[in-house]
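Going by TrEMBL, these are the annotated features:
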TRANSMEM  12-30  transmembrane segment
DOMAIN    17-425  domain 'Major facilitator superfamily (MFS) profile'
TRANSMEM  50-71  transmembrane segment
TRANSMEM  83-102  transmembrane segment
TRANSMEM  108-129  transmembrane segment
TRANSMEM  141-163  transmembrane segment
TRANSMEM  169-188  transmembrane segment
TRANSMEM  236-258  transmembrane segment
TRANSMEM  278-299  transmembrane segment
TRANSMEM  311-329  transmembrane segment
TRANSMEM  335-356  transmembrane segment
TRANSMEM  377-397  transmembrane segment
TRANSMEM  403-422  transmembrane segment
Amino acid sequence: MVSIQNVQKYERFMRLLFLSVALGGFTDLYDTAIVGGGSLTLIKTLHLTSAQFGLFGASTFIGGAVGAFSFGLISDKIGRKKTFVITLLVFIISELLISASTSYVELLALRLLVGFGIGADYPPALTMLSEYSSKEQRGRYLIKFLIVFSLGGMTSYFVATALLPFGLLQWRLLFLTGAIPPMIALILRRKLPESPRWYATKGMHDKAEASMEEMGLEPDISQFTKREQEVKEARLFRIFLPLLVSIFAINLLLNLPLSGLVALNPIILSALKIPSNLVLVFSGLAFLGSQSLGAVLAYPLYDKVGRIRMLLLGSAVTGASLILMSFLAKPSFAYYLVVLLAVAGIFASFYLPVIYSLSTEIFPTKIRGTAQGMGILAIRIAGIIGIFGGSLISAAYGTHGLLLVYGVINFVAFFIALFTLYGKIKVEGRELEDISDEIVDEKTDSRIEKSKRSKT
């Protein structure tokens, strides 16, 4: 990050940026939790089977997978700002229309569009947050993002509970409320400039400097992407491919249980004979509320302990909690299971900011949007499998089988991270360019060394 020219201007800009990006995250989990919060009235209204409900919940992530990948590429081509204004418009229109659905086909089609909009939002939004943040503040902003993200899901369940007196209209009203946060975010995002790093990689230096001045930064782009401009985009992809594959797999696996639990918690808790008036409250507080608490606990540790260590600790404890829950999945142990669900939520917050943001920190500007799009694509695919597959596993093997599978998946992700990331990447307190340049230099030196050995 180049020097700050106007501290007051920069801080004002960062507050605006953070609010606009965080509201996108709030919207995502709020909307995801709507599936669980409105499940009881939605299933009754449209007479859905378990498979139909599972597909409905997963359809958000199907659309999100397409949106994340396609708009990750597009954000590298047309810019971060244009991309994430378009994505919010798609989401808002679809969310309003879905509340008026009269058939399962309409519901499914519009839900795909909702997923497309919110899935496409993450690559440019989180990329912008990382690219604008100073190296000292980047980790803290990402943790704050997670806190707001978690509050979205918890708020959704509370709103769902408050709307229960409206009977079968509850789910329709719930979807209408889902359009409010992105409307606010859209107003804020229109005031933001384009990323100067993106302008710089496209050779638009005048616009990059103007963007930096608007941010309150010294208009000097010489430190931006100096090393990566010497390397062609195709070669950058080859250099970073192993990391891309590793992060894709970790994102996929760690989000399988989380996505499933957000949508299926009310059904799981109902199966344990917890009173219906407490099901939505426990779903909101025990899992999503505990994620907010976990994010607060993780806040001072994120840079001190390090991203990868936090990922390993969080995935291990969450996995152990889920496996233990699987053996207590009986009505007589229901409230013990709720406590363990809260523990899983707390420690999930140790790795959530890592899997959502690591791609924005380690990949160079030229491919950062695409790499982040791939990471979010993995998260969306996880949602498809976690919800649809989870509903089928639950129907076939019960709550015990579902929680056991979720716990084992967490440990698979733990070992992949341990062997592919631990001790190999350090991003805390470093400039984005320094992180990616170091990886490029290491790969280049390794290639040269191999070439020398082959000649001798």
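Using the three backbone atoms N, Cα and C, a Cβ is placed for every residue, glycine included.
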Confidence summary (mean pLDDT) of the domain 'Major facilitator superfamily (MFS) profile' (17-425): 83
Top partner of the transmembrane segment (236-258) among 12-30, 83-102, 141-163, 278-299, 311-329 - counted as Cβ pairs under 8 Å: 311-329
Chain residues in Cβ proximity to the transmembrane segment (12-30) (below 8 Å; excluding those fewer than six residues from its ends, i.e. six or more beyond): 84, 88, 91, 118, 121-122, 125-126, 128-129, 132-133, 137, 141, 144-146, 148-153, 155-156, 178, 181-182, 184-185, 188-189, 191-192, 214-216, 262, 288
Seg_contact(the transmembrane segment (403-422), the transmembrane segment (311-329)) with at least 3 CB pairs under 8 angstroms, min sep 6: yes
Any contact, the transmembrane segment (311-329) to the transmembrane segment (278-299), with at least 3 Cβ pairs under 8 A: no
Interface check, the transmembrane segment (169-188) with the transmembrane segment (335-356), three or more C-beta pairs under 8 A: no
Top Cβ-contact partner of the transmembrane segment (335-356) among 83-102, 141-163, 278-299, 377-397 (pairs under 8 Å): 278-299
Folded-back contacts onto the transmembrane segment (278-299), same chain, C-beta under 8 angstroms, at least six residues removed: 29, 33, 36-37, 140, 143-144, 146-147, 150-151, 153-158, 160-161, 164, 261-262, 265-266, 269-270, 310, 338-339, 341-350, 352-353
